[in-house]
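Record features, source TrEMBL:
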- A:Asp194: active site, proton donor (ACT_SITE)
- A:His367: active site, proton acceptor (ACT_SITE)
- A:Gly47, A:Asp49, A:Asp442: Ca(2+) binding site (BINDING)
- A:His72, A:His74, A:Asp76, A:His77, A:His140, A:Asp162, A:His389: Zn(2+) binding site (BINDING)
- A:Ala231, A:Ser232, A:His233, A:His363, A:Val364, A:Ser365, A:Gly366, A:His367: substrate binding site (BINDING)
- A:19-214: domain 'Metallo-beta-lactamase' (DOMAIN)
Number of protein chains: 2
Amino acid sequence: MISNESLKIIPLGGLGEIGKNMTVIEYGNDIIVIDAGLKFPEEQLPGVDLVLPDYSYLRENRDKLRAIILTHGHEDHVGCLPFLLRDLNVPLYGTRLTIGLAKGKLAEYLPLDELELNEIDPRFDLEIGPFKLEFMRVCHSIPDGVALAIHTPVGVIVHSGDFKFDQTPVDGVTTDFSKFASVGDRGVLALLSDSTNSEDEGFTRTERSVGTVLNQIVAQARRRVIAASFASHIHRIQQIMEVAHGNGRRVAITGLSMIRNISIASELGYLRIPEKLLVPVEKIDDYPEDQILILSTGSQGEPLSALARIASHDHKKVNLRRGDTVIISATPVPGNEKSVSKTIDQLFRGGAEVYYESIAEVHVSGHGAREELKLMINLVRPKYFIPIHGEYRHLIHHAMLAADTGVEKDKILIAGNGDIIEFSQDKAAIVGRIDSGAIFVDGLGVGDVGDVVIRDRQRLSQHGMIIVVATVDGSTGKLLTGPDIISRGFVGIPDSAQILEEAKRKAEEALLICEREAITDWMLLKSHVKDSLSKFLFAKTMKRPMIIPVIMEV
Amino acid sequence: MISNESLKIIPLGGLGEIGKNMTVIEYGNDIIVIDAGLKFPEEQLPGVDLVLPDYSYLRENRDKLRAIILTHGHEDHVGCLPFLLRDLNVPLYGTRLTIGLAKGKLAEYLPLDELELNEIDPRFDLEIGPFKLEFMRVCHSIPDGVALAIHTPVGVIVHSGDFKFDQTPVDGVTTDFSKFASVGDRGVLALLSDSTNSEDEGFTRTERSVGTVLNQIVAQARRRVIAASFASHIHRIQQIMEVAHGNGRRVAITGLSMIRNISIASELGYLRIPEKLLVPVEKIDDYPEDQILILSTGSQGEPLSALARIASHDHKKVNLRRGDTVIISATPVPGNEKSVSKTIDQLFRGGAEVYYESIAEVHVSGHGAREELKLMINLVRPKYFIPIHGEYRHLIHHAMLAADTGVEKDKILIAGNGDIIEFSQDKAAIVGRIDSGAIFVDGLGVGDVGDVVIRDRQRLSQHGMIIVVATVDGSTGKLLTGPDIISRGFVGIPDSAQILEEAKRKAEEALLICEREAITDWMLLKSHVKDSLSKFLFAKTMKRPMIIPVIMEV
């Protein structure tokens, strides 16, 4: 029974990486989970669409699982839900907008009436099993975000969610200093805090400062304005709409996620759209060019997004014109630098004036910088500190910063996904490790892309492939027809016809040797052909194409 | 004869992109070329190792080609030479270090004694055909760089090379203000100037400032120091060596290009290595840890580089230890952000203290920022201005900046690779376009990777492939054996066995229909199988694997 009296925190995602945030809190026979996010794959994962945390621990402990609590509505905190909820029907809890956005997403995948979606009001506490949850409002690049104080039999765990301390937020809702301070006064066992910007000195600028810059740009634009941002950044969208309104421009919206999120957020009262501001995107030509602002998705240069289509003159309803002003009010998510840069270039080529982060202050981060991270620690004054949400180097810098603010060094735990952090009243330690890692979503398949598939794809993409086709007599091994060579993604024009011709002869030689030696063992035959071709092609081209002998017995 | 009296400038690379810089200057029957660089491929070019400018224009005009002038020794200015000089034996001109570095590279590919390599002394002019060349020294992230004033019968063309105005350069050789001013005084028809940093406000910091920061870091390091930088950045290497020396540390060098460049640069007198400073990397353990600094390649996180191997405990002679201090004294080249970030994380995981650009001022750019670009224009005071070396957006910002400094707007020409810019005494214009673009180097093949190959590789890497194998009777179309299905890079575990089984049945159905309809037309048969499988697999998996029917007639 000893292990049952301890509290376990098990991060399933978000540690040592940006994205797929998910944390298990377990006491005795009860588990709650904070967030269930996804991340987008890196180049090393060709063809993979999404990456999910491996939540097999929850499947194995489904009878203990009581709830998933969502801190806010970003994909890296809620994006795993459509997949997880297929396996495990567990009650969800989140603030009004968070649940609203999650619903919008879930409706595409699952029948909503079979799910338990619970709106919480952050002013009131929530009891789930042995846990009592207090909610603290936090500012972030999406409204209605919360941090949690989880009261457990062992002590209070504070989970920061994603936060910044914006002193002048667009909706007037500041991060709840006093509630954090009050929780801190009552004594906190451990703080789990957002490390994303732990390398950035000072304070993150207020969201409102972006509005000022946007207003300057829009005020001096003489023709149409096209503004792209994250579709979930309701405050940014609010500011863009106000700037448009103030400058006598109507707003047209393009991009599915932008349309959906604006409709949800305005319905729930998180977005106040001035009357008669919106016009359908089909109608923009009914207005003078200097009275139109087009609000668009595609701030990451995603090839199929509205902005990328506008830039490449491939959008059905909006065509870029010379003299348009384009504002990319976002930062490239790591890995997207090249595609954003490509979109910017295309916009310039199309004759637009383009404003983006590196030349104008059209974006601020939603995560707190180092001074804000220190403030969080000083408000909460935890005994133990666990940096979460960040690459390993972000966790390290956050840990050093925590030590600077006075957390004892041996009470700072740098953990990884899958680590079991066990707390008793008087100590905490990483005591073990569960299977963790990633599930790949590939087309309609979830978890059905193994390492072999990824390795094959990498090889195919780097080296191409060669198929050797022949028929042999099954009893004698005599070569009947072929060999023929089919190649894909292998070297092209000048020398290659000749190389493939020689390759054919090499394959033939190998097959004739087999014939002479009356080799009829399938595997042996194939491996002879493969080896001899592989050696030959590497010597000729320095490439190692995948070689597939298709040798048929007749 | 009219066209012969005009001067033509044709950029073959470096405009609308970062890298593969190359510019043709043509008058009458004479052509000189400035630089011949390469660039590294983007992710969209799977398997491609290098990208070269398409220099078929030079091949077609080989009888006019007089010389290639190199502004400095970076790969994006000289890297095309090993390939180009195989086709075209043309005299090379460059400063001492530039030629030295080019030699080191060329020796791997070509017999040096058959090449015409000419060292120039920037103090003296050079006459080549109708052109007189004056050289101006410039500061950059490699020593011995020059800009050119090309005196032509039509007027003077200034080519800036890559430059910054460092007021306190490490080698004491500043950008030659007075010579630029003197050229400007005598009248300049056109300035071609480096646009790389045209988005950056102010002045680029002096290289020397990096030395100060490096010294602080090394002075407080208690165990070994590992410093990674660009192998061609001789000034940075000089500073690292001086810092090591000043702090009582010996220096061991690892990484082939680092070893080669240090040897060339010190032989030619561009690098002054304090006596007894160097120790072989095998001997580092003979010294106390706080008396060793390891100078390494791999500042871009390249998977096979020395630093990446050290970080992943895969280096033969240096193993990362807890407490090592690692300095990455470089910036990630666009596209390398992820691999650098991965290396940093690995180093932290190995227990190192890691310093890099985003948390410490351990790097400065070698390119001038906006105030320096303005200074260049004001010194040279050209009639025409052509921004070079940069993505399209850099060219645009450089053009706007030139207009601010007083260049007339209609005399600013934003050109692209392949544009023919024609100058007569009284006007200049883009009058046409030659074939330009890129040559891909892939394994040992040059130029033999066409668009089809790249497209195939992209598809293979995203969707994998399916081979359908069957034999049919050639005269009746009767299915004899198969179909069998071979898949690679397609979906893996749970459902896929079942999907492939169904796919097999689909292929069989298609073949049986052909049998029934006595279709013996090969193409038709294959396309039936392909279409029916393709539809089925997309519906089941949202994937479009490459489908290759191998149907043999017996």
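Any Cβ shown, glycine's included, is placed from N, Cα and C.
Because the structure is a prediction, the values reported are computed rather than measured.
A map of TrEMBL features onto the structure.
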{"residue": "A:His77", "record": "Zn(2+) binding site", "Cβ contacts under 8 Å, 6 or more apart": "A:Asn21, A:Asp35, A:Ala36, A:Gly37, A:Leu70, A:Thr71, A:Gly161, A:Asp162"}
{"residue": "A:His140", "record": "Zn(2+) binding site", "Cβ contacts under 8 Å, 6 or more apart": "A:His72, A:Gly161, A:Asp162, A:Phe163, A:Lys164, A:Gly366, A:His367"}
{"residue": "A:Ala231", "record": "substrate binding site", "Cβ contacts under 8 Å, 6 or more apart": "A:Gly255, A:Ser257, A:Met258, A:Arg260, A:Asn261, A:Ile262, A:Thr297"}
{"residue": "A:Ser232", "record": "substrate binding site", "Cβ contacts under 8 Å, 6 or more apart": "A:Gly73, A:His74, A:Glu75, A:Leu101, A:Ser141, A:Ile142, A:Ser257, A:Asn261"}
{"residue": "A:His233", "record": "substrate binding site", "Cβ contacts under 8 Å, 6 or more apart": "A:Ser141, A:Ile142, A:Ala330, A:Gly366"}
{"residue": "A:Val364", "record": "substrate binding site", "Cβ contacts under 8 Å, 6 or more apart": "A:Thr204, A:Arg205, A:Thr206, A:Glu207, A:Ser209, A:Val210"}
{"residue": "A:Ser365", "record": "substrate binding site", "Cβ contacts under 8 Å, 6 or more apart": "A:Ser141, A:Lys164, A:Thr196, A:Asn197, A:Asp200, A:Thr204, A:Thr331"}
Any further residue of that chain within 8 Å (Cβ to the Cβ centroid of A:His72, A:His74, A:Asp76, A:His77, A:His140, A:Asp162, A:His389) of the recorded Zn(2+) site: A:Asn21, A:Asp35, A:Gly37, A:Thr71, A:Ile142, A:Gly145, A:Gly161, A:Asp194
A:Asp76 (Zn(2+) binding site) versus A:Asp49 (Ca(2+) binding site) - Cα distance in angstrom: 14
A:Asp76, A:Asp162, A:Asp194 as recorded positions, winner by CB count within 10 A: A:Asp194
Under 8 Å by Cβ from A:His363 (substrate binding site), counting only residues of that chain that are 6 or more apart: A:Val210, A:Ser329, A:Ala330, A:Thr331, A:Glu357
Cα-Cα distance maximum in Å, computed over every pair in A:Ala231, A:Ser232, A:His233, A:His363, A:Val364, A:Ser365, A:Gly366, A:His367 that the record assigns to substrate: 17
Segment-level pLDDT (mean, integer) for the domain 'Metallo-beta-lactamase' (A:19-214): 93
Among A:His72, A:His74, A:His367, A:His389, which are recorded positions, the residue with the most C-beta atoms within 10 angstroms of its C-beta: A:His389
Sparsest-packed of the listed binding-site residues (A:Asp49, A:Gly366) - C-beta count within 10 angstroms: A:Asp49
Whole-number Å value for how far A:Asp194 (active site, proton donor) lies from A:Asp76 (Zn(2+) binding site) (Cα to Cα): 13
Local backbone state of A:His72 (Zn(2+) binding site), from DSSP in three classes: coil
Distance [Cα-Cα, Å, rounded] between A:Asp194 (active site, proton donor) and A:His389 (Zn(2+) binding site): 5
